[in-house]
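K.L.:
I'd like to ask you about the structure that follows.
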Amino acid sequence: MTGVKIVQVSEKDLPEFIAISRETFADTFGKDNSPEDMAKFLEKTINEDKLGGEIATPGSFFYFLKVDGEVAGYLKLDVDDAQNEEVDPNGLEIERIYLRKSFQHRGLGKQLFEFAEEKGREWSKSVLWLGVWEHNENAKNFYASRGLTRFSEHVFVLGDDRQTDFLLKKALV
């Protein structure tokens, strides 16, 4: 696919970053959760203060995937103290990886994932890990095809609903 670029997100990109974050999260999980829980989650976690703070956090890195100049998806990587769990002090967490619906099933998720692996190796990380909702079969299958295996789980709260995320990892050697 021509015209594909992965570029780092900065504070000037915040309005576009908020928009794609809300769109992709709602598209991915809206049908499986109540409108009330979804609205509460989006209001609390995908806003200017929260995402602006995340962009400024040391050890957190955001990237847009652009196709012919249009933002098609994004990726959030965490290292060191920015990781959400104490999985491995030398780990790389993929905290978020999302594509707009119109860009799915075109190999772009694979490109974002491979970019994350490259960053992990560039940063001399030994383990790549992430959390995935236990009911997100498409994502679980994708991660299995990329060599990740389940090692634990944690609770993810969406609105008032306590859900289970499986934690998956793979070695970066």
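Just so you know, glycine gets a Cβ as well, placed from its N, Cα and C.
The shown structure was predicted, so the numbers you read here are calculated from the model rather than taken from an experiment.
According to Swiss-Prot, the protein carries these features:
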- I97, Y98, L99, R106, G107, L108, G109, K110, N136, E137, N138: acetyl-CoA binding site (BINDING)
- 4-173: domain 'N-acetyltransferase' (DOMAIN)
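Show me how these features fit into the structure around them.
P.N.:
Around N138 (acetyl-CoA binding site), no same-chain residue at least 6 positions away in sequence has a Cβ under 8 Å from its Cβ.
This prediction places the mean pLDDT of the domain 'N-acetyltransferase' (4-173) at 96.
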K.L.:
Does anything in the same chain, at least 6 positions from I97 (acetyl-CoA binding site), have a Cβ under 8 Å from its Cβ, and if so what?
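P.N.:
Non-local contacts for I97 (acetyl-CoA binding site): G73, Y74, L75, K76, G109, L112, F113, A116, L130.
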K.L.:
Pairwise over I97, Y98, L99, R106, G107, L108, G109, K110, N136, E137, N138, annotated as binding acetyl-CoA, what's the top Cα to Cα distance to the nearest Å?
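P.N.:
So the binding residues stretch over 19 Å, Cα to Cα.
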